[in-house]
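Feature list (source: TrEMBL):
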| type | residues | note |
| --- | --- | --- |
| BINDING | SER9, PHE10, HIS17, GLY88, LEU89, ARG90, GLU98, TYR123, SER124, TYR125, LEU126, SER127, SER128, SER129 | ATP binding site |
| BINDING | SER9, LYS41, LEU73, LYS87 | substrate binding site |
| DOMAIN | 5-133 | domain 'Cytidyltransferase-like' |
| SITE | HIS17 | site 'Transition state stabilizer' |
Amino acid sequence: MKIAVYPGSFDPITNGHLDIITRGSKTFDKLIVGVLVNVDKKGLFNIDERVELIKRVTKDLPNVEVVSFHGLLIDFMKKYDANVILKGLRAFSDFEYEFQMALMNNKLDPEVETLFMMTSAQYSYLSSSAVKQVAKFGGCVEGLVPSDIIPDIIKKIKE
Ligand code: PNS
């Protein structure tokens, strides 16, 4: 059974993330979305909220599981018997950081492969940070994030 982990902060999940999750779910037997608990960075949504939002928008993908993790990604992967890290690549500018992480993860565990999926063109400019900025200043986030979670973002920004 081929189990992959798609790791990230997902604060919040965007349509770009959902596109990779949907395509990844067709590529692997099981896809685990690993949501990083970053104690150094206060996000818009707390970790349980992020997990809940992702679960909500992936409920129709039966081989997708959503789990939070802290510490090293490699340790999380071992726990779930996964040996592929799935990452999305949007632009050339993503490459250097992703290349470094892929090599570091492979150094920590040579059994682990990082596979990159090119983002779909219509989402190549999308990021969670950009979505938060647009929402913060009252812009329209329709089409940027799954429509199911737009009320959650607007409510959270107002808090
Ligand atoms: O969505 P993000 O913030 O770009 O995701 C980054 C993430 C979660 C993939 C990365 O920070 C990560 O894997 N963190 C876990 C810590 C770790 O394993 N570091 C070693 C590799 S450099």
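Cβ coordinates come from backbone N, Cα and C, glycine included.
Since this is a predicted model, take the numbers as computed values, not measurements.
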Can you tell which of the binding-site residues HIS17, GLU98, LEU126, SER128 lies nearest to LYS41 (substrate binding site) in space, using Cα positions?
-> SER128
Please state whether DSSP places LEU89 (ATP binding site) in a helix, a strand or coil.
-> strand
Count up the helix, strand and coil residues in the domain 'Cytidyltransferase-like' (5-133) according to DSSP, in that order.
-> 57 helix, 29 strand, 43 coil
Annotated substrate contacts SER9, LYS41, LEU73, LYS87, maximal Cα-Cα distance (Å, integer) | 21
Around the Cβ of LEU73 (substrate binding site), other Cβ atoms found within 10 Å total 21
Take the domain 'Cytidyltransferase-like' (5-133) and average the pLDDT across it for me.
-> 95
Candidates HIS17, LYS41, LEU89, SER124, LEU126 (binding-site residues) with CB under 6 Å from ligand 1, in sequence order, are none
Near SER128 (ATP binding site), how many other Cβ atoms are within 10 Å of its Cβ?
-> 22
Cα-Cα separation of SER124 (ATP binding site) and LEU73 (substrate binding site), in Å?
-> 25
Would you mind checking how many other C-beta atoms are within 10 angstroms of the C-beta on SER124 (ATP binding site)?
-> 14
Let me know the most crowded of the binding-site residues, choosing from LEU89, LEU126 and counting other Cβ atoms within 10 Å.
-> LEU126
